[in-house]
Amino acid sequence: MPAPVKITILAIALPSAITCPMRILFLCLGNICRSPAAEAVTRHKARAAGLDIEFDSAGTGDWHVGEPPYGPMIEAAEARGYDMRSLRARQIAPADYDAFDVILAMDENNLRNALDVAPRQMSAQVQMFIDGPNGPQNVPDPYYTRDFEAALDLIEAGAEALVADLLADEEEKRRGS
């Protein structure tokens, strides 16, 4: 079982900067394993919690644009009740930095790549998906490690923490209104 996960999304504390509904983009290298899994898992958990949030995913590379998620990742996700079959890979675009409130990278390399190509002026907060007790934590790429279960364990933990943070923020907004 992975260590407890803490996700801090500063943009949630800035209601004036958030679109309605909030929009979150998950980012990995090819957009065929980790980021589409994070999109599917988090969408599933957010809907179950009654949250109205839009999720999408993209890759920093363009190798798989238009392709479905990687077969073994689809199978591992389906075994846990998550549907990824309708998703298609795409590359992050300059417009994404304003279209999304938060962009969550699966690892430090993709975070760095996303920030390197980001426009100087952007409204999105770009950060790591998982910030564990010892700092940011990479979600290892199962395309190379072949460990789809370990990747999904981390993604599920991150999604649960994200949904909990979003629910807490919604509750805080309700109390403040």
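Heads up, the Cβ atoms here are built off N, Cα and C, so glycines get one too.
Copied over from TrEMBL, here are the features:
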DOMAIN    22-165  domain 'Phosphotyrosine protein phosphatase I'
ACT_SITE  C28  active site, nucleophile
ACT_SITE  R34  active site
ACT_SITE  D141  active site, proton donor
Quick one: give me the count of other CB atoms within 10 A of the CB of D141 (active site, proton donor). 20
In whole Å, note down how far the CA of the residue listed as 'active site' lies from the CA of C28 (active site, nucleophile). 6
The domain 'Phosphotyrosine protein phosphatase I' (22-165) resolves under DSSP into 60 helix, 29 strand, 55 coil
Distance check, please: Cα of D141 (active site, proton donor) against Cα of the residue listed as 'active site', rounded to an integer number of angstrom. 7
Near the Cβ of the residue listed as 'active site, nucleophile', how many other Cβ atoms are there if near means within 10 Å? 29
Tell me the Cβ neighbour count for R34 (active site), meaning other Cβ atoms within 10 Å of its Cβ, over all protein chains shown. 34
